[in-house]
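Feature list (source: TrEMBL):
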DOMAIN    168-219  domain 'PucR C-terminal helix-turn-helix'
Amino acid sequence: MTTYSLSSTSEKMKLNNKIEDLQKEAPKTSLCPILSSAENHTELYEFLTAYLSSDKHLLVVDDHVIVMAPLKDAFKIASGLSTALTENFYKNHTVLYYRNPCTGSLLERISELQDTSRSIVRLDLKGSLYAVEDLFLVRILEQISQEDLSKFLETKRTSYEKLSYELRLTVKTFIEESLSMSRTAKVLFIHRNTLTYRIQKIHQITGLDIRNFQEALQLLTLSYFV
């Protein structure tokens with residue numbers, strides 16, 4: 001198991017060469033990194049090697065394991081990894097992937113994944129599978145004092161905890177679909193009237209109207225911690 005470090009210039013060059021070699025083997029495929037982390041990265045590497053039947057596309061960067069995967073399959077692979085880790089009792093794990101094309105240097109994207117993963121740990125977020133694009137707010141929340149963040153959570157946590165799994169999924173999907181009623185209903189495979197009922201129920205329980213952008217941000221913040 002070769003380990004690379006982004007804090008060393010020579011290691012970064014070696015890592016970049018390795019990534020370039022992988023890309024050359026699939027010139028028509030746009031590769032993007034998927035980050036996996038757990039308490040023991042050596043055990044995680046061994047597990048992922050067995051799960052993927054090969055370590056060819058695995059990179060160990062500091063204490064994270066990176067899977068170089070085709071962008072078009074990123075969500076499928078990431079969700080599969082997270083499910084497999086959960087089923088094998090890796091309770092405290094994180095899987096991060098890119099939903100959109102990786103722009104710029106892939107080393108920069110790996111560094112971004114690592115920074116985001118560390119933010120998740122510092123803020124003690126709930127959940128294990130994330131698209132990086134959905135966590136921009138997390139990086140902003142890190143700039144808020146712990147006291148102010150705690151006050152916000154204390155005032156809203158109890159009501160949010162009353163939301164069923166179905167309503168929490170509705171919150172997540174509605175925000176992911178840019179507050180679009182039609183797209184959210186389509187993704188959830190429900191009638192628009194059913195979605196309207198759920199939104200009203202969320203408003204009734206939490207006092208927050210997810211159709212309002214500012215209030216949607218509050219619900220998104222709560223979804224990270226509750």
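Keep in mind that glycine also has a Cβ here, set from the backbone N, Cα and C atoms.
Secondary structure counts, DSSP: the domain 'PucR C-terminal helix-turn-helix' (168-219) has 39 helix, 0 strand, 13 coil. Mean model confidence of the domain 'PucR C-terminal helix-turn-helix' (168-219) amounts to 95 (pLDDT, 0 to 100 scale).
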